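Quick notes on the structure that follows.
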Amino acid sequence: QSIAQEVVGLLCMVLLTLTALVANTVVILVILKTPLLRKFIFVCHLCAVDLLSAIFLMPLGIISSSSCFNRVIYSIAECQGLMFLNICFISASILTISIISVERYYYIVHPMRYEVKMTIRLAVAGVIFIWVKSVLITVLALVGWPQGNGATSASRCTVYWSPGAHKKVFVIIFSIACFVLPAIIIFAVYCSVYRVARMASLQHAPVPAQAPAPRHRSDSIASQVTIITTRNLPLPRLTPERFLGSNKAILTLVLIVGQFLCCWLPFFAFHLHSSVTTGVAGGGHGEMVVTWIAYSSFAINPFFYGLLNRQIREELARLWRSCLNRPLGQELCLSVSEASVQENFLQFLQRATCTLETHASCISPSPRNRLDQTKMGFPIPGQVPEESS
């Protein structure tokens, strides 16, 4: 039974590593080869960080976790290098996810402000901030390590191998800066986005036929929404299409936040418990399990933040067909009723703004519609691509 467990564990680790390599490489290539998708700068950066983790960090994690490599010995410099990669890539990945969530919030809730302020310079500054913060946290972890030509087995090369009181301080700072604060940001941002989408789906319902129309009013989106919000009319009942879209929005919200918590909560909870209770901990089966649960995020992220995007999937299918020399066929065009079943969370936001205008005008907004949107008291999260990143 012990041998079977070792084999299954080794196969799972290898499978996760290969999945992270292939999925992140595919998303990066699709974004770089498609000019219209190069706006997904932070998604591309997240996949690049996860790809580096799959190349350098996960193979070393296999050596440290599997009993097949018990005879592998690390020097102090090699163990320090492993810890540097481990903490730096974990910090960069989580911070990038946090920035993606904030970017989505402004891209959906404040689209005009996003178009003005979201520049290449700001994106580069965000990437620099991610790496500076990650490196600073990593340097703090390496303070107090022993010097000399010592060595340790690969399985004992953890942050707890170098004892010291500062390890407790580091683990607490690391957990707060790279898990607690990002988790609060992600949860708060996606809840705010869903609340805005829910309000928009109710306020953009068609005006009842029996309602008398005021004279000398414009046909803009702003005036129609004003009529709905100012008149004492009962809230419109959700149609089956809206109900399905709302449920799928909730499901996608739960998946995005739940995936983050499931991958990283055991990891940080284990290290916080080990640091606070004993102060010194080394290796062990528990640390191996929570570490690889956290590493699974590197393989899951390209699906949640890359391939979940319909634009990226369509470009991937187009590139795949072009490589196979097959005809591209007819473009995929979803109607509002079809999207209610097939849409994801961010597509639901797009559909919520398409009830007062035609579907074509929502895809290609006119300058007049953009001008009307700026006059509204309630920010409509519309006139954006089907999914934002």
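Yeah, the Cβs are placed from backbone N, Cα and C, and that goes for glycine too.
Per TrEMBL, domain 'G-protein coupled receptors family 1 profile' is recorded for 23-305. Marked as transmembrane segment by TrEMBL: 6-31, 40-63, 83-102, 122-145, 169-193, 249-269, 289-308.
Across the domain 'G-protein coupled receptors family 1 profile' (23-305), the model assigns an average pLDDT of 79.
Highest Cβ contact count with the transmembrane segment (6-31) among the listed stretches 83-102, 122-145, 249-269, 289-308 falls to 289-308 (criterion: pairs under 8 Å).
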